[in-house]
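According to Swiss-Prot, the protein carries these features:
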- A2: N-acetylalanine (MOD_RES)
- K5: N6-acetyllysine (MOD_RES)
- G39, G91, T92, T93, A411, G412, D496, K501: ATP binding site (BINDING)
- G39, G91, T92, T93, S94, T158, K159, A411, D496: ADP binding site (BINDING)
- D90: Mg(2+) binding site (BINDING)
- K199: N6-acetyllysine (MOD_RES)
- S205: phosphoserine (MOD_RES)
- K251: SUMO2 cross-link (CROSSLNK)
- K287: N6-acetyllysine (MOD_RES)
- K365: N6-acetyllysine (MOD_RES)
- K377: N6-acetyllysine (MOD_RES)
- K388: N6-acetyllysine (MOD_RES)
Amino acid sequence: MAAVKTLNPKAEVARAQAALAVNISAARGLQDVLRTNLGPKGTMKMLVSGAGDIKLTKDGNVLLHEMQIQHPTASLIAKVATAQDDITGDGTTSNVLIIGELLKQADLYISEGLHPRIITEGFEAAKEKALQFLEEVKVSREMDRETLIDVARTSLRTKVHAELADVLTEAVVDSILAIKKQDEPIDLFMIEIMEMKHKSETDTSLIRGLVLDHGARHPDMKKRVEDAYILTCNVSLEYEKTEVNSGFFYKSAEEREKLVKAERKFIEDRVKKIIELKRKVCGDSDKGFVVINQKGIDPFSLDALSKEGIVALRRAKRRNMERLTLACGGVALNSFDDLSPDQLGHAGLVYEYTLGEEKFTFIEKCNNPRSVTLLIKGPNKHTLTQIKDAVRDGLRAVRNAIDDGCVVPGAGAVEVAMAEALIKHKPSVKGRAQLGVQAFADALLIIPKVLAQNSGFDLQETLVKIQAEHSESGQLVGVDLNTGEPMVAAEVGVWDNYCVKKQLLHSCTVIATNILLVDEIMRAGMSSLKG
């Protein structure tokens, strides 16, 4: 009888073989759910929430976040996989598949009496060799637009259908290249992802500027201005209460009038400063003038600005204020005390677009914008969500490639070559730990196997062909998902991120090792025993 039982009769305990069986079945269960998602030919999953909302996705990260996973071990694996996505932006499904397969291969040896500790030693030896092999096969190259397009396409085609992936690929790469600065980390927050329920998903485009999800608040303001000066400010153009708690008292109607006039004059002086600046920079030309304010603008001020032909937008979102100055230039002002023309930004075109009851303001044709907008279009909500998730992963894949300065061949090529390298390395490992290395090598082959299976080909036949081709040619050969034949991934331009593969090897080995070394599961916590 378990020691914990004597202390706590209500505790539930699973020991030795039973504990291992529970853990391995959980890992395999999760693997079976995500197995069909892998790769460009993977199938979709439909998630229906309690409220009846539908989400169509084949992104492993979205699935693991949205699914309600009850089993503690499966939940642990799901958290590791989603952490992989948070760090690198890809590899979630591969993570779950490899952990499941490592446990499955280990189970074969454990059922024959091998101790889990020996297998885990083999796993560690295999991981060291695999990481060393990854260093050898990585391709260091200049990250030009063409290479980045290949990287983005490889990532995006696993999330959305090929035609849409090709449209998104160029937009994603161009947006990163627009905001990239020499010797500085890439800040993906400088790429605004704006949704518009309109037209079809292939109309998604890159706007070299900014799109704001609101319009001007005055009916007489221009809907379109060209060659416009942009004044970005965070100054109240409406009467506001004082920040400290204060009161004003008047004895007569005349005094009240004076108070109202003083309040009004305070705002009017600010508006006059804007109008004077506009006259100074525009003169009699047709140039436009746009004021974008984070705080409010009252109807009187809007009226005065409108009469001068100034387009004014109020209550702009805070996150857009930084992007505005990066896209258009200029300075975001907190006071109008010393307004000067060199504080203004510039945009070639500013126009308002009305879609149903929603209004959008486009600020385009900026000179060298350091902040851009990806405008996602789609006919319905779940298409927009799916594209948004795909774009986020695509952006991170491109950023990773630039940060790493290298890529590795995809389509299962690295895994096949790595498995062969591990089998050659096996004799140099002492004793029974060799079996752990063998299990690790076999587990890695799950990736090319599942890629072939999801494309409708015989997985054993495809794998044998690829291994034979790799042995003969010595090149990194992957699966051609259209024909099921071997292909040299590097020649076709199928590239994966180096940091994703590296993280994958680390996290899968650690979690599989920890799960294998669990020999007792105790359900004896306070909360689990209530009732």
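Even glycines carry a Cβ here, placed using N, Cα and C.
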Spatial neighbours of K159 (ADP binding site) among the recorded positions G39, K251, D496 [C-alpha, 10 Å]: G39
Cα-nearest neighbour of K287 (N6-acetyllysine) within the listed recorded positions, D90, K199, S205: S205
Spatial neighbours of G39 (ATP binding site) that are distant in sequence (at least 6 apart) but have CB under 8 A: T158, V450, L451, N454, S455, L481
Between the residue listed as 'SUMO2 cross-link' and S205 (phosphoserine): CA-CA distance (Å): 62
Rounded to the nearest Å - Cα separation of G91 (ATP binding site) and K199 (N6-acetyllysine): 31
Of the recorded positions listed as K199, K251, K377, K388, the one whose CA lies nearest the CA of T92 (ATP binding site): K388
Lowest local Cβ density (other Cβ within 10 Å) among recorded positions: T92, T93, S94, S205: S205
Under 8 Å by Cβ from K199 (N6-acetyllysine), counting only residues of that chain that are 6 or more apart: K377, P379
Cα proximity to D496 (ATP binding site), best match among recorded positions D90, S94, K251, K365, K388: D90
